[in-house]
Amino acid sequence: MFRDIQDMLFMVTGFINYGQQTVRATRYIGQSFMITLSHANRLPVTIQYPYEKIISSERFRGRIHFEFDKCIACEVCVRVCPIDLPVVDWKLETDIRKKRLLNYNIDFGICIFCGNCIEYCPTNCLSMTEEYELSTYDRHELNYNQIALGRLPVSVIDDYTIRTIQIK
């Protein structure tokens, strides 16, 4: 008799656990379905790329812009870069005891666009642009010298042939 009551109690607790698991699974499925339904009301994000472009946000990290005249060749950008990417060539002018910048290169094929070089530059000669179209057929074309880095980017908003899209 005691064995039958114990078996019955074990069976009842098994049914209760099964019922709790069923309720929990139904709730999770309902939550997932509600998320799916909330996404159904959204507009598609697809854009027709060459003819339409997205306006980048204010804090977008695009191509680095470099101002040669402001640089003092302190190499802070090289020290704070996690991959030691900027190549700074300079020559010490002994008569005025100052460094003279000869060459400045950044390889965007390796750059991770972290922004440390811009953040720590004491003369603000580096800045991020909104330019994100850096694709080329040859990876060696991604190695920009000071002339290529000094080129000002063309703003997407100023190009009248392209329809701009603001994504919120």
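Including glycine, each Cβ sits where the backbone N, Cα and C put it.
Keep in mind that TrEMBL annotations are predicted by a computer and have not been checked by a curator.
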Same-site [4Fe-4S] cluster 2 binder from Cys81, Cys125, given that TrEMBL records Cys111, Cys114, Cys117: Cys81
Mean predicted confidence [pLDDT] for the domain '4Fe-4S ferredoxin-type' (62-91): 93
Alpha-carbon distance [Cys111 ([4Fe-4S] cluster 2 binding site); Cys77 ([4Fe-4S] cluster 1 binding site)] in Å: 12
Sparsest-packed of the listed binding-site residues (Cys77, Cys111, Cys117) - C-beta count within 10 angstroms: Cys111
Nearest recorded site to Cys71 ([4Fe-4S] cluster 1 binding site) by CA-CA distance, among binding-site residues Cys81, Cys111, Cys114, Cys117: Cys117
Chain-internal residues near Cys74 ([4Fe-4S] cluster 1 binding site), provided their CB is under 8 angstroms and they sit 6+ positions away: Lys99, Pro122, Thr123
